[in-house]
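Below you'll find the structure, written out as structure tokens, and then a few comments.
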Amino acid sequence: MKLSWSLFCGLASLALSQFDEAPPSQSDYFVRHIPGLDSVDNYTMHSGNILTDAAHNGNLFFWLVEAQYKITERPKTIVWFNGGPGCSSMDGALLEVGPFRIVDDKLRVDPNKGSWHKYANVLFVDQPYGTGYSYSDTDSYLTGLGQVGDEMDSFMTQFLKLFPERAHDDFYLAGESYAGQYIPYIATKLQQTRTVDLKGLLIGNGWMDPANQYYQYVPYALDYGVIEKTEEHVKDLKELTDTCERAINIAKDKNNGRLPVHIRACEDIMNGIVELSRNERSAPESEGICVNYYDVSKEDKWPSCGMNWPEILPYVTDWLRQDATVQALNVNNDKQESWQECNGAVGSRMRQGNDDAAVYLLPDLLESMEILFFNGDRDLICNHYGNERMIEQLEWNGKKGWTEGLELDDWVVDGVSKGKKQSDRNLTYVRIYNASHMVPYDEPEACLTMLNDFIGVSKALSDLSGNKPGRGSENPSDLDDQKSGDQKSDDDSSSDDDDDAEHDKKIASDAMWKAYYQAGFTALIVVLIILGLAGFLFWRKNRGHIYQEETSLLGSCFGGISRWRNSSGGPLSNQQGTFDSRQRLMEPGEYYDLGEIAEEDEDAEELVIRRPEV
């Protein structure tokens, strides 16, 4: 009998261990609620960590928000990155293009009217390892942009295993600031592996071309009144610019005419401008006021100079650090540190690489895909002067700069001039008025129109409603039939298109629910194994009595189950009624504390947190 119980315990333990070690499925990532929001009924979201490097415990955190409306023939998926390096893409999710804004110190959540998930799936990724909710062994942080490309290719491979319905989407990479380095490197890698069908890139206020961008700091600062144009200021800044030029020439000589991402001597230009802005704005012996280098229309206390901006950033930080959010977004227990906007240690390790600047990758990428550069005109740190100069000097698709005669045209949204725009040979550029380093933070709805124009949504809306692209024709009342889960009437004039849409929707739904059912099916098998073993042991214990009644092994198993039920006072019942798999797939576990903020690397730049660091 002891042997039988040992066998039972061993087999049961083996079955349960196999269940525990089963790879994660979609159901493990399903987001059932958002702290501070009354309901998520209008959202379909998944989030959590994906293991991409088992050797170093490398896990990347993602937050996928599915499109509210399907309006294009093929679904669109936007992958968003923030910069730094080492700054979390939760900035993008909660300050810019995501579905929510944290609006007050009570951590109340409001919808974002300019959210990019209206007509496209949006996938926010904290990368590289150590950024935001992502993590790895601390001695395994990445040291180069080529490694970032490999990391993201591995992530996308694992992501598509979890979400196979996304495998045939049109993919776009988007981001801002130092993502101007990330995105071209990631795009180049994904083109080589063809892991996804990459259609285009969107880079906002990007850091891509050191030479042309460093040289435009002084002209921008003087033209926009960041500092007064005095003889002394011009003299001081010319000295800094001359030092930068010498450093650039030396760097080119060492690297066959190419420049790295950062040149330390050139960073002093920016530091000098901010220092001068402090001197002009501050009373003698005062703490000091300086320009906000992310939005020159604002000021900040020295030495923050922009790091206290945006104004709602403290609410976002508190919301992301609270246990309720950590649990709701399915962050792994292995993530020990609290969320922080930017990890200085990640940035410090990334700066150890000696990668060529991403500008050298742009011509090849422009041969095969469209690229949109957009800039807010109030940003100093990655200002529009620098990016416009980059385009003028860039050679792509057979020519240098814009085709002769092309100039920036007025960009009108809903009858209002929102900036300047031009497109030529797969390259589109938009300068947005009254916008900062984080353009969608200031102009969310205009940026949504910009996105829709670029990825083909505006044309689809125009075909549907008869309005012109860019005229704000996104009227939800016109789109009831395209909304996720809805079905058109049989007499609709576009029934053929609807059939295709319903077919795509069915494929996606089948794939998602297949993943959900796998978890329940595995659990059922484990339960049946345990019940079978219990019945077998009961039969062994009572086999003398069973043989007298000529009862079979199968009969004794069911007899044992029946007696077990009766001993509890009656048959077992399903008190919950019909099981709602979407609501009960993930029961909340114990809250856990992510711990204290990781100490920032001592070598990390104090002045700059979302820009290229040196």
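Note that Cβ sites are derived from N, Cα and C of the backbone, with glycine treated the same way.
Quantities reported herein were computed from a predicted structural model and do not represent experimental measurements.
For the residues Asn434, Asn566, the entry in Swiss-Prot flags N-linked glycosylation site at a single position: Asn434. Sequence-distant neighbours of Asp379 (active site) (same chain, six or more apart, CB under 8 Å from its CB) are Asn205, Tyr293, Tyr294, Asp295, Val296, Ala435, Ser436, His437, listed in sequence order. With all protein chains in the displayed structure included, the most crowded Cβ environment within 10 Å among the recorded positions Asn42, Ser177, Asn426 is that of Ser177. Of all the recorded positions in the record (Asn42, Ser177, Asn434), the one with the smallest CA separation from Asn426 (N-linked glycosylation site) is Ser177. The 10 Å shell around the Cβ of Asn434 (N-linked glycosylation site) contains 15 further Cβ atoms across the protein chains shown. Of all the Cβ atoms in the protein chains shown, 29 others lie within 10 Å of the Cβ of His437 (active site).
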